[in-house]
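Here is what Swiss-Prot says about this protein:
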- CYS12, CYS26, CYS29, CYS35: [4Fe-4S] cluster 1 binding site (BINDING)
- GLY66, LYS67, GLY68, GLY69, VAL70, GLY71, LYS72, SER73: ATP binding site (BINDING)
- CYS239, CYS242: [4Fe-4S] cluster 2 binding site (BINDING)
- 1-10: compositional bias 'Basic and acidic residues' (COMPBIAS)
- 1-24: region 'Disordered' (REGION)
Amino acid sequence: MADVPKDAPEHCPGTESDKSGKVSACQGCPNQQICASSKPAPPDPDLGKIKERLSSVKHKILVLSGKGGVGKSTFTAHLAHGLAADEDRQVAVLDIDICGPSIPTVFGLQGEQVHQSGSGWSPVYVEDNLGVMSVGFLLAKPTDAVIWRGPKKNGLIKQFLRDVDWGDADFLVVDTPPGTSDEHLSIIQYLNQTEVDGAVVVTTPQEVSLLDVRKEISFCKKVRLPVIGVVENMSVFVCPNCKKESQIFPPTTGGAEKMAVEMKVPFLGRIPLDPRIGRACDEGKSFLSEIPDSPATSSYKDIIEKIVKYCVASQHQS
């Protein structure tokens, strides 16, 4: 056989065989481990189904953060609300924070359940043009803990992408867990088949957050995920009465803008700290429509406009 090395033991099955490195003839061969582990995995039949399912989704945006507690899910929700403010847009949100799903709460969808239709799982709709899917809809109680290892998380993410009927969505916004984990690798692996616009990375001004964001950006570069830009959340506190600005989290090393310059990625803007944002999320409401005159609302709208312009430009280039 042409695929049997010259120095191979007798009865070698060959390097291209399914039995390569696994039969008794392979015992003692110095190449046994290489042969046993180097067989390429068969193509995943679900990748084609995912590509077909998402072919009707124009733009796909991942929202990332290096650390928890920086307002990533809050930003995801208000990015979606801001996009859906245009009634001609269809917007979808996918929550892949499997172990800590907060998206149902910030959209006011706690207690909702997933429904099956002839074309797959149906998202839960906040508005006629804003649908949401989350593992939170699959839990019996909001307090139930999800204790899953990587393969099971991977399977659910695949099922969300393959089986949910997203329809003709203009934007799919994906809320991810903090850091870089199995969920990130899975979603990028699957979405790579479907032309992802890129990632928005959310941080706070202090160095302890920026340190992890640098790693997040490096991760994006390694997996060839474009970085749409960095958002500095909770940049300053603006007093709702006197409008005076105060730094709650001082940018000891120059903040997110300086870090973005160093990492050679775009800086999208700063969102000031407003306690009413937290209240709106707890109540499942859109802060942008509830408090339209807040400086934070203006910041959100400016950032969302930049993201839309980026996505439109990337669509024309592809």
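A Cβ is built for glycine as well, from the same backbone N, Cα and C atoms used for every other residue.
In sequence order, SER65, PRO178, VAL202, THR203, THR204, SER209 are the same-chain residues whose CB sits within 8 A of the CB centroid of GLY66, LYS67, GLY68, GLY69, VAL70, GLY71, LYS72, SER73, the residues recorded for ATP being left out.
Within 10 Å of the C-beta of LYS72 (ATP binding site) there are 26 other C-beta atoms, taking all protein chains into account. Cβ-based crowding with a 10 Å cutoff singles out VAL70 as the top-ranked of the binding-site residues CYS26, CYS29, VAL70, CYS239, CYS242.
Under the three-state DSSP scheme, GLY69 (ATP binding site) falls in the coil class. The least crowded of the binding-site residues CYS12, LYS67, GLY68, SER73, judged by other CB atoms within 10 A of its own CB, is GLY68. Using Cα positions, the member of the binding-site residues CYS12, CYS26, CYS242 nearest to SER73 (ATP binding site) is identified as CYS242.
Note: the CA-CA distance between LYS67 (ATP binding site) and CYS26 ([4Fe-4S] cluster 1 binding site) rounds to 47 Å.
In this structure the alpha carbons, written CA, of CYS242 ([4Fe-4S] cluster 2 binding site) and GLY68 (ATP binding site) are 31 Å apart. Of all the binding-site residues in the record (GLY66, GLY68, GLY69, LYS72), the one with the smallest CA separation from CYS29 ([4Fe-4S] cluster 1 binding site) is GLY66.
Of the listed binding-site residues, namely GLY66, GLY69, the sparsest Cβ surroundings within 10 Å are found at GLY69.
In this structure, the C-alpha atom of VAL70 (ATP binding site) lies 20 angstrom from that of CYS239 ([4Fe-4S] cluster 2 binding site). Here CYS239 ([4Fe-4S] cluster 2 binding site) is compared against the binding-site residues CYS26, GLY68, GLY71, LYS72, and the shortest C-alpha distance is to GLY71.
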